[in-house]
């Protein structure tokens, strides 16, 4: 796979939030020929026919021929129908990655009516990776405003300007869709009320010496205690940080992050100067177990023993020098993990293997397999996405050394028109999957939907564009050059995604 870099805009270095979603409403036209009341300069109306002299009498409409009235009514209905048809001809179902490209004067705007929440955050530099930090605000949070903690890392144009950023985003309000009457009644002069709805962004930054390719937060992180974070750097080093002090600074007024907390607590140097993208914390080993894979096909296992971190000297490898693109620990077996690589294979490994070789290798694609995701609800399901834009779901119960060459995914889709850059099972719903692609979209899918649903078949028959869309597709979110997508485990349906236009925090009405 080609290096997943994105272009930088050196002058755009402002951290801010944008929530100014503009609602488009049809313009109201007036016909001057039908107007018999004219407003004066003071806004009052005057009667142009007021006079002390001649009185003009108007025939009562009741004396008009009924047939003539019926004819006039039919003409008015015909005019309205023609106007509606003209308006509808200008509307189209726009699919960002399938429809025609936008013209020079066209802008793609999000429809606020399909988002429960949508916030855009500008960051100093583009970021290729992000992760959510667990907090102590509770689970199943559905009330607004929402708050979250997260971490991301930059791809600055100059290496010395790179940072690891810990962000606290609070007062994330629900997206409001207002009709014309509500807008007219709103007091636009009340600036205080409007400011109350603005999100609050706080950040604690750690300077880095290079671009970060991948960042992961330990699933055992606690915002009040230890927050282990691992980053894979472009220079080949893997840094382990404790972001606990940074997280504490957001909830403790006057607290100052110690200088020592801005340095890694351990550095994995076994990869030499070979960079990598594969990185994952074990969800079952509380003391800390980390796997890291590089572009030369080497996977190293790092564990914490008491207070000391130790990396095995012998890597896991198949000795083909093909890049390891992603790693995922099993959610049910503490010694089992899966890897995906540029050779098109998904491999299942066991850390207890003395030979450090895979137990099973399955050919998943004829091109690079960029990302994989192990279901947290159903431990036998693994999703993968490749460089051709195809993604699928595998049943690991079908994997065995005997049938490794013939096993097929239980579901597969080639909807996307760009490489898959991120894939993730919803941690709270085993049938929902989020997929990010280089075609500038994040799609949400519901694998529980049946293809022969009568309502879906009827909708597809009525709308030509829907015939190109699999019935399992729930939602399409547009974001420029999207690189990473994460579900928030404590806010049902909430996602955070990153691309060249910054961070998106969003929740649709579909999930």
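Using N, Cα and C of the backbone, Cβ positions are placed for all residues, glycine too.
Keep in mind that TrEMBL annotations are predicted by a computer and have not been checked by a curator.
Pulled from TrEMBL:
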{"type": "COMPBIAS", "residues": "32-66", "note": "compositional bias 'Acidic residues'"}
{"type": "COMPBIAS", "residues": "179-201", "note": "compositional bias 'Acidic residues'"}
{"type": "DOMAIN", "residues": "105-172", "note": "domain 'Histone-binding protein RBBP4-like N-terminal'"}
{"type": "REGION", "residues": "1-70", "note": "region 'Disordered'"}
{"type": "REGION", "residues": "177-207", "note": "region 'Disordered'"}
{"type": "REPEAT", "residues": "317-359", "note": "repeat 'WD'"}
{"type": "REPEAT", "residues": "413-448", "note": "repeat 'WD'"}
The repeat 'WD' (317-359) [mean pLDDT, rounded to integer]: 96
Secondary structure composition of the domain 'Histone-binding protein RBBP4-like N-terminal' (105-172) [DSSP: H/G/I, E/B, coil]: 6 helix, 34 strand, 28 coil
Folded-back contacts onto the repeat 'WD' (317-359), same chain, C-beta under 8 angstroms, at least six residues removed: 1, 276-285, 289, 291-299, 301, 365-376, 379, 382, 384, 386, 394, 396, 399, 401
Three-state composition of the repeat 'WD' (413-448), taking helix and strand from DSSP: 0 helix, 19 strand, 17 coil
DSSP-assigned states of the repeat 'WD' (317-359) in counts, ordered helix, strand, coil: 0 helix, 18 strand, 25 coil
